[in-house]
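Scroll down for the structure; my scribbles are underneath it.
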Amino acid sequence: MTNIRKTHPLLKIINSSFVDLPAPSSLSSWWNFGSLLGVCLGVQILTGLFLAMHYTSDTATAFNSVTHICRDVNYGWLLRYLHANGASMFFICLYLHVGRGLFYGSYTYSETWNIGILLLFAVMATAFMGYVLPWGQMSFWGATVITNLLSAIPYIGTDLLQWIWGGFSVDKSTLTRFFAFHFLLPFIVTALVMVHLLFLHETGSNNPTGIPSDPDMIPFHPYYTIKDILGFLVMLTALATLVLFSPDLLGDPDNYIPANPLTTPPHIKPEWYFLFAYAILRSIPNKLGGVLALVMSILILAIVPILHTSKQRSMMFRPLSQCLFWLLVAILFTLTWIGGQPVEHPYIIIGQTASVLYFLIILFFMPMVSMVENYLLKW
């Protein structure tokens, strides 16, 4: 008799995705981040759902409703801090997942990679709108500054901005629509995740060597299910430690001051996970140029497959490319640091140098070094 998991219309989809899925035998821990992102998304949707039951999206009561959640709702403080720090864990896993894709050449699966870029944009939009909801000082001014960038778009910028605001400034209608979109987007993200997995399972997973692994496959369960569960435990332990010991470590103290349109905080900055892009935005003295650089800092991932000039897929056996990759990582850390600093000397020039290097490495140095490595292979 055939097992029900292989015949049942619903169970066989789950079976072919998580049980009998053939997987390369050499996958390292860098392949854990996909499943960790799934757990992060689940945690965010669950905690967000319970928070939404107590939150009110009105400028008069939003800040107080968050205070009420933390003080009066059973384990409301836990829900709030799990949700806020869960977003940080989400982005840590996201950036490591993208970094893994860049290092091991996973971007050659173009459909999976492009859906991944769409997912990155969707998650960033969700996180930005979520940061506005507590209606603290940094929420309000962050929303004002970032949405204001749309006014740099020629001809339609100002009209588009007022349409998004629902008025002439960030106000009640802006908060209400941001809450609606913040609630809706995670479900769109979930649908995109399914498409991402669909395309991934069409080709099968890449592996650290970058060499086709068809002759050497193992079933996903029990080998990688156990490995993923270990990853869950490590990540959830880190999240629990952050939430229970230092919940405000990654937040901004200004957000504990209710939003006031009449006083501007000394340093307006987004959450830490957007600082690298914010630093690139601030490095360009022109408004439209800054906005284009900001968008391109993420969208540049879409042209990485076109710029792949190496004869090898993975960087595992390419030491020169590895040096450039880790230099790129160092530059991203530098940009993240600069994004949190005030706009003054020497931070301005450091930010501009790092921004130029970021684009140069991806667009010019990496393809060039790959060609040099191809030449060295002939020796």
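Every residue gets a Cβ built from N, Cα and C, even glycine.
With a threshold of 8 Å between CB atoms, the same-chain residues lying at least 6 positions outside the transmembrane segment (33-53) that come near it are 69, 79-80, 82-83, 86-87, 89-90, 93-94, 96-97, 100, 182-183, 186-187, 189-190, 193, 228, 231-232, 235-236, 239. What Swiss-Prot lists as transmembrane segment is 33-53 (among others).
The feature transmembrane segment is assigned by Swiss-Prot to 77-98 (among others), with similarity to another entry given as support.
What Swiss-Prot lists as heme b b562 binding site is His83, His182. Under the three-state DSSP scheme, His83 (heme b b562 binding site) falls in the helix class.
DSSP assigns His196 (heme b b566 binding site) to a helix. According to Swiss-Prot, the heme b b566 binding site annotation covers His97, His196.
Annotated transmembrane segment per Swiss-Prot: 113-133 (among others), in sequence order.
Among the features that Swiss-Prot reports, transmembrane segment is placed at 178-198 (among others), with the record citing similarity to another entry.
A simple way to gauge crowding: the CB of His201 (ubiquinone binding site) has 14 other CB atoms within 10 angstroms, across all the protein chains here. In the three-state DSSP assignment, the secondary structure recorded for His201 (ubiquinone binding site) is helix. Residues or ranges marked as ubiquinone binding site by Swiss-Prot on the basis of similarity to another entry: His201.
The transmembrane segment annotation in Swiss-Prot covers 226-246 (among others), and the record cites similarity to another entry as its basis.
Beyond the ends of the transmembrane segment (288-308), by six or more residues, the same chain brings 98, 102, 105, 107-108, 110, 113-114, 117, 120-121, 124, 149, 152-154, 276-278, 280-282, 355, 358-359, 362-363, 366-367, 370 to within a C-beta distance below 8 angstroms of the stretch. The transmembrane segment feature in Swiss-Prot is assigned to 288-308 (among others).
Among the features that Swiss-Prot reports, transmembrane segment is placed at 320-340 (among others), with the record citing similarity to another entry.
Away from its own ends, the transmembrane segment (347-367) comes close to residues 279-280, 282-284, 293, 296-297, 300, 303-304, 307-309, 321, 324-325, 327-328, 331-332, 334-335, 338-339, 341 of its chain (Cβ-Cβ under 8 Å, at least six residues beyond either end). Feature annotation from Swiss-Prot assigns transmembrane segment to 347-367 (among others).
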Report the listed stretch (77-98, 178-198, 226-246) having the maximum count of Cβ pairs within less than 8 Å of the transmembrane segment (113-133).
178-198
Taking Cα atoms as reference points, which of the binding-site residues His97, His196, His201 is nearest to His83 (heme b b562 binding site)?
His97
By Cβ distance under 8 Å, which residues at least 6 away from the ends of the transmembrane segment (226-246) in the same chain are close to it?
27, 29, 32-33, 35-36, 39-40, 43, 78, 81-82, 85-86, 88-89, 93
Can you tell me how many other Cβ atoms are located within 10 Å of the Cβ belonging to His97 (heme b b566 binding site)?
20
Assigned conformation of His182 (heme b b562 binding site) - DSSP reduced to three states:
helix
When DSSP is mapped onto helix/strand/coil, what comes out for His97 (heme b b566 binding site)?
helix
What does the structure give for the C-alpha distance between His196 (heme b b566 binding site) and His182 (heme b b562 binding site)? Integer Å is fine.
21
